[in-house]
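All remarks here apply to the structure that follows.
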């Protein structure tokens, strides 16, 4: 007879469904839904149910009829029925399978164990066919979502790499591009399962594939994500299971143009939970925006008259007001910023929050019974206040608002009737108005966001991402859960149709025998809910239209209508509850609030009231309705609207090709590394996965490819594999031999019925057990005979040893007797001599001791005396020297501290000046003026000094003449005095004697005596002064000697100081060079042209009076100089300076044009040196272009290089310019000198160029000392290249040339990467060899062919490397750059191969490791042939892939300890990488296992510790695309270049303007 086969997979939310397919099977071959109990034997590994873990594995220890005793892994013994025991696959990979259709046993514990195992490895994605299950990790996994991962999945076939959300997005994108049909991706799950994050990842990947910048530099994906905070604030709320649950469905349409680029996007929202505005249950919250507004700044709260959330009726229905870890005040400001980003203006934001505040006040309006029957009035003054605030916020009339809430206007053909509403009806009217306002506000926000993002009306294809709530079943389920589950029923039906189509394609593709019978879906449930008339929604709308209907009458109506419906169940102990049997299980609904939550009247009074609002925003939310609809109130229910929106969503989904992602929340505490089995099982059951598994077991739940089937079950019929038949025939023979019935064999797979896999495993276990017993018998026989032979040999050896031992003992006794006599004789002799010797030695020792004691006492006294003298001398020396050292150290410390203080002050000034580029420019202008001013002042001072020196010379001459005249007068006066004395003497002698002569003589005698006495006194004084002078002279000599010693010490210290100053000067010189280049970059950032007119036409300056503050004081004198005196010379000097700036004549322009034309050609090389670079350098040096302030030749050279390499893919051209650029940059580096580097004096270094002066001026104050100007040219002591002081254009040219060198290097490197990338994809995976081929003995031939094919790809890579190396050598690219290129290329090869190895399990096999190892040997051989000069350390860059491959091919992995693996085998690999390889490894050649479980556990613990220590858990490598060298590296690595022997090209050889090139050559 025939049976129906139910195929399964996951629903749009990751759920399984059933599609019935007709297959021909025997009635006798029907099996247990999961496995055949007959296959359970003692020793079998099985799963049993557990109240804590859901399922636990164990081993069958005993079977008593239908009772099975299972010893579980947690140490318990469970007794259960054999029908409740499920087989366990002991050969399942330790890391699980990435596609659950590959599971050997497709049952509940198998699925659960696979998800748990992968989750423990941070493998959160798992396929089930083409459906993706995503388990929320509750932690960041950056290695899964970087750009490198996007590159891996771009264009990869589905299932080729590990499961990932990127793979689903890539399939959707490729299907859209190839088939031109729109696609949709349905993401769902319960709250907290990670739907929103998954949606973000999908949009990021789609933006990566088809990204194009949107407005203001933001991509479409960024704009969509930027709208999330706004939508979450107004559409998300706290629920029982999630603090940020989306209460609406979001369908993001990403639109693409014809070329596959993103052209626009739109956010479609569905099914907003409007009833939450008015009614919430504890402990849930209302929408976030209400709480955010209540936490707004005080001025906003005062403006809207808000307060604590507990004071508002719409918020205080629940006791939850705050969320853990969420600050509502901060979130309010963040929401306002998000509104700014999406383009909502400030007035619109004010209007939005005014409407939100109005809803809160509206909810606090309460009603009481009026004076008339069935009338209502405001309850109290508090309600009146809230009514007034609502009217003010909505900008409408207060009285009109009250009437709209308390009255209804009914229009009849005869008259208009105004009817009062009772308090209950008024409250319903109030809530209806609140829900309507909020719903329209939300719709306005969505429309505004779509306008901000921008849509493409001409888009022909799109990819939609649906993020919608999943199936919900709580203890209390109301109208919201009813609508949500209705939505999921609709999506389930949509999924059923898709899955049936996929299964039909699978069976058709495999060409197995099947026929379609019936398509079983959930249409009966949908009819129960939405059928019109007669459905639950229709009955609910009908009950809402009758004023006297209650929830009890509604429930009774349901009981009567659906009494015979199998999907509808009436609880026994409830009058208002009802149960619906959904696809995911039964859900009990409470009908108490169904009527209130469903009512949604479109009241004409409300419409007219708000349309007439003075606020344009509020009036825009309620546009005027057509005349016929505005005459009366029209009933509208939320259920009907919900159904219409759902129908629109289904129409959109039906027009696209669907893809499914099911998000699972592993635990309710929302923490990582916790996998709650019961929680996950419940979600899988709600998703329909487990129910579908039970049904699928009636069909073909197990599918294996021919290779896998033969590899596993070939041992059941080894004789079948000996022939040369086809794999299909071999599989059929094996199955027929076993006697299985009902299986199907397709084109590539074997389809097995439920239980047949277990039966095959049982037969396989029996065969392997028999083989093991046979091996054991032979081994036991071998061991027994080996033990007997060893025992007999041991007995013979023992007898021989014992006889020898007896003979040895007899001989030993005889030898001991003889030895005893000899020992006694010698012992007596020894004792006698020892006694005599001891007595003699004692005597001598006593005598020696006494003599020694006396001598030692004398020596000790002398030694102590001498030591005391030495200690005293050393102490005095140490005391004086320490005092001197402390004084010297203090002086040096103070000097250093003072210099440090000055340096900090200057650094602070420099930082302050560098903060504002405008200040830098202003400082530049001021300093330029000051430089010019100081230049003229210096020139003027030079002239003034010359004039002053001439005046001094004249004055000195006059003084000398006056001195000579005075000397002549003195000499003349002296001669006159001499003559007078002589005349007086002669007159005295010739005068006659006089009588009165005696008194005179006496008087003269007295004078003489007095003078003599005075002379004697003076002699005494002179003698004493001489004595004192001698003493002073002696003291001076002694002091001079001491000073001489101190001077010598000081000279030594000064020598050391000079050396330190020289080192400091060299460092300051290098610092000045770097600062000058940095200043060039700053000038470039200010877009200051080097040929600015500001440098050509300088303003007239005024020389100020010199003072001690501005320096240059001449002999301490100052001189005032007026502007009038300097006007004429300054003008002359300006004119003289302007002449060189305007002297760029036509001849120079022609020379430059000719040079540019010349270097545009391929000039080749001369002596291994690029001619173009040498010619450019020599011309620039001869024209003095490096020293001018303005020139255009640098820009023209750079433009020529740029045009030559633009969009250039020829490696030959790029290598040519790489060689020229590096050579020219080397020449510039060794020639150009940053201004000011050579003019430093030992006391203080000062800049002499414009930018040197700018940097100097920034560090110093405006009153700093003047600048010294020198000629910057000097001869280098290292080579013949002269150094010149570079101006701004030259330094800018050097920076631009450096940038182009790096760009050319990157282009050359990337070209080679593009060339070898396709080859690397072919090299990572070895060709597959079938199991049959291995068994038939053709393994070596197959391996040889496969290795030959693989080596061909590696040889293609080697060929590309050789061609590339030849190109670089032909263009004389420096070997330093060649090494850098190949280092990065080999690093790229390492990254690509290693990442592919970790991402693809089929690559982590033993045979694949051998193939890759052989290919790496080819690269090693290439490195050897290329020599170290060009290959460098390229081979070391492959360390990751080399160690990974070495781990794959090593034998006896289970015996390796973790220490051996991490230190010896794979020291470079991280623990995450080793763990990844260990869990993905499989031996397809010898069938061996990976490392032991203890090592796996240890690595897992280490990974957990790394995660706790915030260490990155990424196991993939990143490709380094940076520039691995600097200008200094090039300068240090390249040799000196001699450019004197370069002949000029023929184009410029005969030109007179370039004769200097020929002259130097000659």
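Placed from the backbone N, Cα and C atoms, the Cβ positions cover glycine too.
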Candidate ranges 577-599, 600-622, 623-645, 646-668 [criterion: TrEMBL lists as region 'Actin-binding']: 646-668
Would you list the other residues of this chain near ATP - those whose C-beta lies within 8 angstroms of the C-beta centroid of 189, 190, 191, 192, 193, 194, 195, 196 - in sequence order? 136, 242, 470, 663, 665
For the domain 'Dilute' (1195-1505), would you mind checking the mean pLDDT of the predicted model? 76
Determine the most Cβ-crowded residue among the binding-site residues 189, 192, 194, using a 10 Å radius around each Cβ and all protein chains in the structure. 189
Residue among the binding-site residues 191, 195, 196 whose Cβ has the most other Cβ atoms within 10 Å: 195
Summarise the domain 'Myosin N-terminal SH3-like' (41-90) as counts of helix, strand and coil residues per DSSP. 3 helix, 30 strand, 17 coil
One finds that other Cβ atoms within 10 Å of the Cβ of residue 193 (ATP binding site) number exactly 25
